[in-house]
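Engineer: The structure that follows is given in the form of structure tokens.
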Amino acid sequence: MQNYTLPQADPASVVLLQITDTHLFADDSGSLLGVATKDSFHAVLDAIAASACTFDAIVATGDISQDHTEASYQRFSEGIARWSQPCFWLPGNHDYQPSMQAVLPSPQIKPCHHVLAGDHWQIILLDSQVVGVPHGELSDAQLAMLDAALTQHPERHALVLLHHHPLPAGSTWLDQHQLHNAEAFWQVVGRHPQVRAILCGHIHQELDRIHQGVRVLATPSTCIQFQPDSHDFALDQKSPGWRLLTLHANGTLETRVQRLDGHCFTPHFDAAGY
Ligand SMILES: Nc1ncnc2c1ncn2[C@@H]1O[C@@H]2COP(=O)(O)O[C@H]2[C@H]1O
Ligand SMILES: [Fe+2]
């Protein structure tokens, strides 16, 4: 297991910036349902910079690329390079791991699955990708890695990251693409009471629920948004967004989603999918 020790700027807390589902292309004009994903990604980065928020690390929770190219991952890397904080990433259903790995080693992107964040927290990054299909599944090896990390550090509060949502979000078309072996995942989590939160991407919308006493969070994409509680594929008018999370020493977590102002980067609302 690759470990990383993340120093915290403030001894009282660790702050994370989550960016998810950037769906970037090699081509700067590449677009998803009418949204130029490099432009929306950069608008989000500009808004984060303008907000002058401080954070200790960036976490990117999958679907970084839409076209599988090494250049699309370079675009991501170039975008976040305006900051010096480390970035931890994991794959989503649209990612192509050979291209992801081809941009490493990187001074900023750390290929780690287990992060000791400050003195009180650990972050575990899981790979829920099943190559070629949109739904997720955790292999026995991933479940064992999660169990081992949590067993190794029972004294640390834990944040678990994966691309796919491990419970139904409320949209039929999207929930068929959730984590399929969610029960096995929740069994592992249930054995470790120090797990405080699960953080996902994939559903291109904000989610904040409690399941088995654990907070489950999902975050808007930096490009297109899906409408909550929809039986069929439907896009939302909301703007691209991101999330900040503050992990306190006592195990509590404060978080907020932020979005670009106004209705910008509007997609083709009549699209039936992609
Ligand atoms: N109309 C649709 N019905 C079902 N799944 C879809 C549809 N359109 C796109 N998808 C898939 O559902 C996924 C949900 O978010 P992703 O970004 O992973 O990419 C999407 C596609 O892989
Ligand atoms: Fe996505």
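Positions of Cβ are set from backbone N, Cα and C atoms, glycine also.
Below are the features I grabbed from TrEMBL:
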| type | residues | note |
| --- | --- | --- |
| BINDING | ASP21, HIS23, ASP63, HIS204 | Fe cation 1 binding site |
| BINDING | HIS23, ASP63, ASN93, HIS94, HIS204 | AMP binding site |
| BINDING | ASP63, ASN93, HIS163, HIS202 | Fe cation 2 binding site |
| DOMAIN | 16-205 | domain 'Calcineurin-like phosphoesterase' |
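Where in this structure would I find these features, and how exposed are they?
Structural biologist: Cβ neighbours within 10 Å of ASP63 (Fe cation 1 binding site), excluding its own Cβ and spanning all shown chains: 24.
Residues near ASN93 (AMP binding site) in space but far in sequence (CB under 8 A, at least 6 apart, same chain), listed by position: GLY62, ASP63, GLN129, VAL130, VAL133, PRO134, HIS135, GLY136, HIS163, HIS164, HIS177, HIS202.
With a 10 A radius on its CB, HIS163 (Fe cation 2 binding site) counts 29 other CB atoms from all the protein chains.
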Engineer: What Cα-Cα separation, expressed in whole Å, is found between HIS23 (Fe cation 1 binding site) and HIS94 (AMP binding site)?
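Structural biologist: With the alpha carbons as reference points, the distance is 8 Å.
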Engineer: Determine the Cβ neighbour count for HIS23 (Fe cation 1 binding site): the number of other Cβ atoms within 10 Å of its Cβ.
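Structural biologist: So the Cβ neighbour count for HIS23 (Fe cation 1 binding site) comes to 28.
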Engineer: May I ask which residues of the same chain, at least 6 positions away in sequence, place their Cβ under 8 angstroms from the Cβ of HIS204 (Fe cation 1 binding site)?
Structural biologist: ASP21, PRO220, SER221, ILE224, GLN225, PHE226, ASP236
Engineer: Sequence gap of 6 or more, Cβ distance under 8 Å: name the residues on the same chain that satisfy this around HIS94 (AMP binding site), in order along the sequence.
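Structural biologist: Listed in sequence order, they are HIS23, GLY62, ASP63, SER65, GLN66.
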